[in-house]
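Let me begin by presenting the structure, written as structure tokens, before commenting on it.
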Amino acid sequence: MTTLAITGGRVLRPDLSVTTADVLLDGDAGEVLEVGPDLGGAADETLNADGSLVTPGFVNGHCHVAMTLLRGYADDKPLDAWLQEDIWPAEAELTAETVRAGTELGVLEMIKSGVTAFADMYFFVPTIAETVADAGLRARLGHGVISVGKDDEAAREDAREGLAVAEEIDGLGDGRISSAFMPHSLTTVDGEYLSEFVPQARDLDVPIHYHANETADEVAPIVDEHGERPLEYAAERGMLESEDFIAHGVHVDDREIELLAEAGTGVIHCPASNMKLASGMAPVQRLREAGVTVGLGTDGAASNNDLSMLDEARDAAMLGKLAADDASAVPAEAVVEMATHGSADAVGLESGRLEAGAPADLAVIDLETPHLTPRHDLVSHLAYAAAAADVRHTVCDGRVLMRDREVQTLDEATVRDRASEAAESLVARAGE
Ligand SMILES: CSC[C@H]1O[C@@H](n2cnc3c(O)ncnc32)[C@H](O)[C@@H]1O
Ligand SMILES: [Zn+2]
């Protein structure tokens, strides 16, 4: 057994208390062995955490990682116009190699901001899986299925690809890659395909992940056409099970909140994307009070425009108060939970908690900075004051992915150059 000890730091425990302790990891099994005093002496390798906070790695519960290539390409529009006028025409020009370049950039950014796991819906998913596996992160990945604008054969082919990809990539990267069946949304995949393919995904034993109730414009057609709310419609098609998770859940009514809580379906709240696209304010406080598992996600970098879960936590707390018209709503503790084990539970990963037996996924945050001084309350600092650049080290599955801000599994300059070139040629092709 090869052991790694994180020494001299303060550790955020699952109950959100903070204690001065070392963390001992089994690097081969990728597991936390112990959290306690003086564990560094016998370890094979150590990582210095003096003056730092050791937290569970952040879990980005909803992303389109290769959209880093479209960061800053189209801003200041609502969802539908943004997708139809700018994003989808550009994505029509994607190739496996452009997606690889965008994924490398996104993964680099996530490692640098303390993210150790994420869920992702996109195209060229086997390439994404390979890139994520090489970079050392954990992820649940799926091919985004869309039927609108396609004839019946093309729509079926896309759904079949969604199933085939889910089967192909599950377990890659020494088990760090898992999969899901990912219909894009309830309005971009026709009901007949949902009814046909969701049961086939169940046979593969993979969860279902989709965008739901993101904008008011997406709710109205389902209510008009089917006389029921979108999540009632989803439940009838078998898409509201305990292993499933939806992105957004902004425009949900009381009955839908009850359905989510009863089913155990997770909701990934994406506050930055919801604010930027003016989609609305998710009722996060009410969802949590009802017992719904709520996680946090950045969505893609084109609607955020970064992949920092620390930014997302701050946004969630701020927007949650505004949505509830209550300054005590969605407090610091809630968003720290949501960014760690809330997302992990929703996405179906074991990570998000630092305790013996848990996956060895963690981030070490430098506290010795002006904006984190004084240190009355470290949970408050995580929620409201810490930034991506404060992350010193990132460890996933017991392996050091970033040491003293130096990413170990990717060459930063090469990744940035390759992504800039790929982005430039992508938008040039889209403009032709
Ligand atoms: C079919 S792969 C995923 C698909 O989703 C698009 N997308 C990015 N952000 C959002 C969002 O907030 N709502 C809905 N769809 C979104 C992305 O561009 C891909 O086309
Ligand atoms: Zn999305």
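Placed from the backbone N, Cα and C atoms, the Cβ positions cover glycine too.
Because TrEMBL annotations are produced automatically, they should be read as predictions rather than curated entries.
According to TrEMBL, His62, His64, Asp299 bind Zn(2+); the candidate from His211, His393 that the record adds to this site is His211.
Among the binding-site residues listed (Glu91, His184, Glu214, Asp299), Asp299 have a CB atom closer than 6 Å to some atom of ligand 2, in sequence order.
In this view, the densest Cβ surroundings among the binding-site residues His62, His64, His211 belong to His62, judged by other Cβ atoms lying within 10 Å. Within 8 Å of the centroid defined by the CB atoms of His62, His64, His211, Asp299, the record's Zn(2+) site, lie the Cβ atoms of Cys63, Met121, Ala247, His248, Ile268, Cys270, Ser273, Gly297, Gly300, excluding the listed residues themselves.
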